[in-house]
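Single-structure report; data block below.
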Amino acid sequence: MLLSCQVGQPSFSATLRLSEKFILLLILSAFITLCFGAFFFLPDNSKHKRFDLGLEDVLIPHIEPGKEGRHSGGQVIHGQGGHDEHRHSYRQYGWGHNELKPIAKKGHSTNIFGNSQMGATIVDALDTLYIMGLHDEFKDGQEWIEQNLDFSVVSEVSVFEVNIRFIGGLLAAYYLSGQEVFKVKAVQLAEKLLPAFNTPTGIPWAMVNLKSGVGHNWGWASAGSSILAEFGTLHMEFVHLTYLTGNPAYYQKVMHIRKLLAKMDRPNGLYPNYLNPRTGRWGQHHTSVGGLGDSFYEYLLKAWLMSDKTDTEARKTYDDAIEAIERHLIRKSNGGLTFIGEWKNGHLERKMGHLTCFAGGMFALGADGSPDDKAGHYLQLGAEIAHTCHESYDRTVLKLGPEAFKFDSGLEAVAVRQNEKYYILRPEVIETYWYMWRFTHDPKYRQWGWEAAQAIDKYCRVSGGFSGVKDVYSSNPTYDDVQQSFFLAETLKYLYLLFSSDELLPLENWVFNTEAHPLPVLHLGNLTLPGSQDQR
């Protein structure tokens, strides 16, 4: 067992209830593992770190979301031999690069970030550092951003990815720390994204050149279409931009998208994943709660939550969408596993992606406020999805979940194709465990999260950090040699929160964007956002 602590491993069973004593050991163990998971990617000047997670002194500009409680324990964690080499890996081999190749020990990037070194890992990890109490490393990241983060570059980026990782990350860092530079950088970047909306319909292009403002869509997307999960996952960040700047443009852009979608016919009440920004017509009739669709539904719910539950239009749209999803996409397998399939070409494909596993947490988060007194139903549905996704982990050799898994031909919650057997440090299953823990306090969710933490530590830890693996069914896995920025922004954060007090970032005061960046609920009272009068 490759762990950074010496705690005996219990034998788990499906019905085991954890004792209070073991939960405390579990929490301490998880802290130590996750702390060292956090250490390697930013510089560390000391072998002793105090993890005191009270946020009493956090400055929330303009907003008073409530005094946060202290973390249970406030343990002093000491450096362990054998893991010191990880502490400087990102700083030493990839500092300023978007991501890290932890085996080759060099920087890494993909086309979503364009061709420039924008420090995606630094920006994406900022709030995780702050939440974990790693304030020295947080300041190092802040200094890099102040001195090096420049958006006036000839670089073509994904509007969606840059919004959720950069604008979301910068806004969360601003709200947590009160440091003005993060707000300034977020607004600078947002201004560079606005030209993407210059289309005949106002549905933004997928990609935009930060220098020229010229946009276009992915070549593989149906007939030049924009993607539902991309243009539908801007609302949270853009509403906060209008709130902080007084510029109504951001709010108006996302409300225009909502109004356009509300006018369109939806086959079987479902939203197809593709919409042509030139014609305003749906592309291929493919509906998914996983990739290409997922966070559109998430942001309908979170728009309502973020508005202090005043944006009832968003809530109604969410409820209607979920009703259609339940009717057409959610099924129970022969073995009793609830899954969410995909609607393709007029029939249901009995396959579920790892990305879809976030929906368990979404159903739980949206349970309160459900129509027709269905809160209990949606909490139970969330639990069933969490169980199914845990099974997708448990039925592999590495105890890590595949990218996609089937429910037919006698196989359930198992990947069939070789190109669906990989795990790239994704967070969605752990995200659902965290939400289910917050709403039920059933100890099995901490148990399952701890299993995942152990598996990540054992099979994904490599010489220079953490890497995805290509086959979770192989006892001798090969690596993809990429440490994704979302591993630090989401996977480690959700694991950390799973073993933390509910008073750390309480859900009545904070709403997490789809990259796990916490943004405060806007208690606007009788105030209205600039430009909102003619939009709602």
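Glycine too: its Cβ is placed from the backbone N, Cα and C atoms.
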Problem set entry | Candidate cysteine (C389, C460) that TrEMBL pairs with C357 in a disulfide | C389
Exercise. Among the recorded positions listed here (E161, E403, E428, T514), which has the Cα closest to the Cα of C357 (disulfide bond)?
Worked result: E428
For this session: Measuring Cα to Cα, tell me the gap between E403 (active site, proton donor) and E161 (active site, proton donor) in whole angstrom.
Result: 19
Exercise. Which one is closest to C389 (disulfide bond) in space, judged by CA to CA distance, out of the recorded positions E161, D294, E428, T514?
Worked result: E428
For this session: Pick the one among the active-site residues E161, D294 whose Cβ has the fewest other Cβ atoms within 10 Å in this structure.
Result: E161
Exercise. Out of D294, E428, T514, the recorded positions in the record, which is closest to E161 (active site, proton donor) when you go by Cα distance?
Worked result: T514
Problem set entry | Neighbour tally for C389 (disulfide bond), based on other Cβ positions within 10 Å of its Cβ | 28
Seminar exercise, completed: If you measure between the CA atoms of T514 (Ca(2+) binding site) and E428 (active site) and round to the nearest Å, you get 10
